[in-house]
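Engineer: Checked Swiss-Prot, it gives:
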CARBOHYD  Asn89  N-linked glycosylation site
CARBOHYD  Asn297  N-linked glycosylation site
CARBOHYD  Asn435  N-linked glycosylation site
SIGNAL    1-29  signal peptide
TRANSMEM  493-509  transmembrane segment
Amino acid sequence: MSVVCRSSCSLLLLPCLLLCVLGPSASHAGKLLVIPIDGSHWLSMLGVIQQLQQKGHEVVVIAPEASIHIKEGSFYTMRKYPVPFQNENVTAAFVELGRSVFDQDPFLLRVVKTYNKVKRDSSMLLSGCSHLLHNAEFMASLEQSHFDALLTDPFLPCGSIVAQYLSLPAVYFLNALPCSLDLEATQCPAPLSYVPKSLSSNTDRMNFLQRVKNMIIALTENFLCRVVYSPYGSLATEILQKEVTVKDLLSPASIWLMRNDFVKDYPRPIMPNMVFIGGINCLQKKALSQEFEAYVNASGEHGIVVFSLGSMVSEIPEKKAMEIAEALGRIPQTVLWRYTGTRPSNLAKNTILVKWLPQNDLLGHPKARAFITHSGSHGIYEGICNGVPMVMMPLFGDQMDNAKRMETRGAGVTLNVLEMTADDLENALKTVINNKSYKENIMRLSSLHKDRPIEPLDLAVFWVEYVMRHKGAPHLRPAAHDLTWYQYHSLDVIGFLLAIVLTVVFIVYKSCAYGCRKCFGGKGRVKKSHKSKTH
């Protein structure tokens, strides 16, 4: 009987031991502070936070009281701080941005409008950051919480200021930063001869004029970005009680989690603390709801086209919406169009308007034939993951560059949403659906993207935990951060060697000149004196 009891106890203890060994250990659990940015930036970060919580870590998210997407969650603790603006102001800023892309104003007027909007929105966001940093009670409570690390999106460097104020190692979660601030802050080489600048629409194989364009953008982008980023340097200088620039704020980051992949991006140099996690938002596809399953099944052999211009575009001008509706009505596929604006009067029977759609799940369905997208990084990677050729209508920001990259890889067709006609959209859709090369190219990219030793989400979680365990990753920080600009480019060494060469040349020249005078100058004087004596 005792033998049986001992055997039963052993069997009961075995799962417990396995849980202790394989499960999250309380002794290794850490505390992570998260300072996100509202919108798609936050939505892409949620998977990492959820995984960290499931592994036993305590996650605290801080956000302004006026937030659209950042809400309470079951796998993190939410702490909100007061700001001098309301939810309506944030919503209005997003709506105005989506509406402005369809403006047909002259170029210079659009530039002025964009500049004023960027300045206005930046001022609002800066005021929110300032209210956080000047909230002494709130900041003191964060300091007393003894976090192990900070996870933030450096697109707005408020989290970077908090990290330095609390002396926390920082992990950055981003796609890219404007004006190549990410490359500058990481000291990452980016030769202008083959690394295209953001917003240039160049490829990595540039002709002479494209390289000239690349150089001009490089020379002017820092000036343009001062509107957004220089005030953060001034705010940080006040809070940290030392003179700092935005580059000084960003460069101490331990790890840069970049939502990039060389399947989409052109090959270029990267630094040891830059980790590529492109496709992290490509979640495992789920079963469709009855509503969407019915739409897909009703499409028959022709299949479906998924159409979304992102959450920022809530309304399209009537004339443009009717042109789009006309083009969609000319194809045999069923079109699922995510659109919250006014229903076009000429909407065809094959086009279904929905206020929301499970984009990744629909793209993962075997009947998905094409994807009409605004070329945001989320949509591009979901198109790659699921192997669906794209018709791209970039609207602003890095979307133009994303579309260019996919087009050069033969995975889609790009249209100018302002200039395109119904015929253009119809032809583009028929091209990517009927020309097999587009499907073959996107499937090849999908295969390359998925052929990796570790999933992007697991890789991101590993590096966040790594920084929490080791209190940073200083061994990955290059010494370039500690050099002056002339030391980095070895200008002092070049100057020193040049001085030596010039000195040697000068000495040799003087020696030769002296020798020539001795050899030839003396004979001349002797001959001259001899002639004078004969006379």
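In case you wondered, yes, glycine gets a Cβ from its N, Cα and C as well.
Note that the coordinates shown come from a computational prediction; the quantities given were computed from them, not determined experimentally.
Can you tell me where each of these features sits in the structure?
Structural biologist: Shown in sequence order, Ala66, Met124 are the residues of the chain, 6+ apart in sequence, with a C-beta less than 8 angstroms from the C-beta of Asn89 (N-linked glycosylation site).
For Asn297 (N-linked glycosylation site), other Cβ atoms within 10 Å of its Cβ number 11.
Asn435 (N-linked glycosylation site) falls within neither a helix nor a strand when secondary structure is assigned with DSSP, and so counts as coil. A sphere of 10 angstroms centred on the C-beta of Asn435 (N-linked glycosylation site) encloses 14 other C-beta atoms.
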Engineer: Going by DSSP, is Asn297 (N-linked glycosylation site) sitting in a helix, a strand, or coil?
Structural biologist: helix
